[in-house]
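Colleague: Handing you a structure now.
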Amino acid sequence: MKVDPNKEKALAAVLSQIEKQFGKGSIMKLGEDRSMDVETISTGSLSLDVALGAGGLPMGRIVEIYGPESSGKTTLTLEVIAAAQREGKTCAFIDAEHALDPIYAKKLGVDIDNLLCSQPDTGEQALEICDALTRSGAVDVIIVDSVAALTPKAEIEGEIGDSHMGLAARMMSQAMRKLAGNLKQSNTLLIFINQIRMKIGVMFGNPETTTGGNALKFYASVRLDIRRTGAIKEGDEVVGNETRVKVVKNKVAAPFKQAEFQILYGQGINRTGELVDLGVAHKLIEKAGAWYSYKGDKIGQGRANAGKYLTENPAIAAEIDKTLRELLLSNPAALSSSASDDENSEGNVDFETGEVF
């Protein structure tokens, strides 16, 4: 198809102007696999790191993770903290829900002795603490759990039944304007956990929305929709969840990709199981019947035993992880091609919110 050279020139000029004004990566072609050269922190899941395009969550940005109850939101953020601490980074957890379990966090690999934790009384206090930590330049990762629990001071001091229309949204809007610039300067990753609410009277499209108004949706560089898709059983006992995460917004790489992994109760993300699955899909690990082999050596009969072998041999697991990252991050499309046809449908996009449903 012939393209008008004047239009092509005008498009190049406006794209250059937009990127100059709003930053590199603020606009790109949907089919581009280009990712920005940004520092990232692993999410704890290889497939999610690949789906994000840059190899993890970007530093100096705002990230929103939302989903239904018990879908793995807090577990995912604790995995991010554990990964950051392994790199020697300082992390803080703003526990607005007053529900953080330090024993569970420790099981996921979080160094609780060096994790800063705050349980603020009001939403304003929580956001001021975030801003102070950000401006200090000494904290690398801040988690806020959750936006729905950031209650404005006026609402706390008022009575139950009082109307406070738009108060939380105004508070979040003001905080986002203040935080966004400081985060970039200090290279701090700020992750907000959010809950889902239903819009009343929606006949068509996605009735789901998130709390706290629209400011967070706008300022977030990455938005992740996390869902529990099934149960993992050992006999009759449920031992974990099958989890799917959709990247519904991404300003550092192409959006709308998705990742699937397992979250095991008391253990977190099943990394070795993920390595086995992706290794087989990309022919790094050979599978003959029920036996799995790596470089000609048998590593286990059945997926669980192969995963156990990798857990007991971290050097081999790290080697497979490194090879898969190099392969998949250079060609992110390979991740989706390894999924089964029924799990790889394109889905529908709500262009008002950027959500896939």
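The backbone N, Cα and C atoms fix where each Cβ goes, and this holds for glycine too.
According to Swiss-Prot, the protein carries these features:
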BINDING   Gly67, Pro68, Glu69, Ser70, Ser71, Gly72, Lys73, Thr74  ATP binding site
REGION    335-357  region 'Disordered'
Colleague: Could you work out which of the binding-site residues (Gly67, Pro68, Gly72) has its C-beta surrounded by the smallest number of other C-beta atoms within 10 A?
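Modeller: Counting other Cβ atoms within 10 Å of each of the binding-site residues Gly67, Pro68, Gly72, the minimum falls on Pro68.
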Colleague: Among the binding-site residues Ser70, Ser71, Thr74, which residue has its Cβ surrounded by the fewest other Cβ atoms within 10 Å?
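Modeller: Lowest Cβ count within 10 Å among the binding-site residues (Ser70, Ser71, Thr74) is Ser70.
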Colleague: For Lys73 (ATP binding site), what residues in its own chain, 6 or more apart in sequence, show a Cβ-Cβ distance under 8 Å?
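Modeller: The list for Lys73 (ATP binding site) reads Ile65, Tyr66, Gly67, Asp145, Ser146, Ile193, Ile226, given in order along the sequence.
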Colleague: Under DSSP, is Lys73 (ATP binding site) part of a helix or a strand, or is it coil?
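Modeller: Reduced to three states, the DSSP call for Lys73 (ATP binding site) is helix.
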Colleague: Write out, in the order they occur in the sequence, the residues of the chain not among Gly67, Pro68, Glu69, Ser70, Ser71, Gly72, Lys73, Thr74 that have a C-beta within 8 Å of the mean position of the C-beta atoms of the recorded ATP site.
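Modeller: Everything else in range on the chain: Ile226, Arg228.
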Colleague: Around the C-beta of Glu69 (ATP binding site), how many further C-beta atoms are within 10 angstroms, looking at every protein chain?
Modeller: 8
Colleague: Secondary structure at Pro68 (ATP binding site) (DSSP, helix/strand/coil)?
Modeller: coil
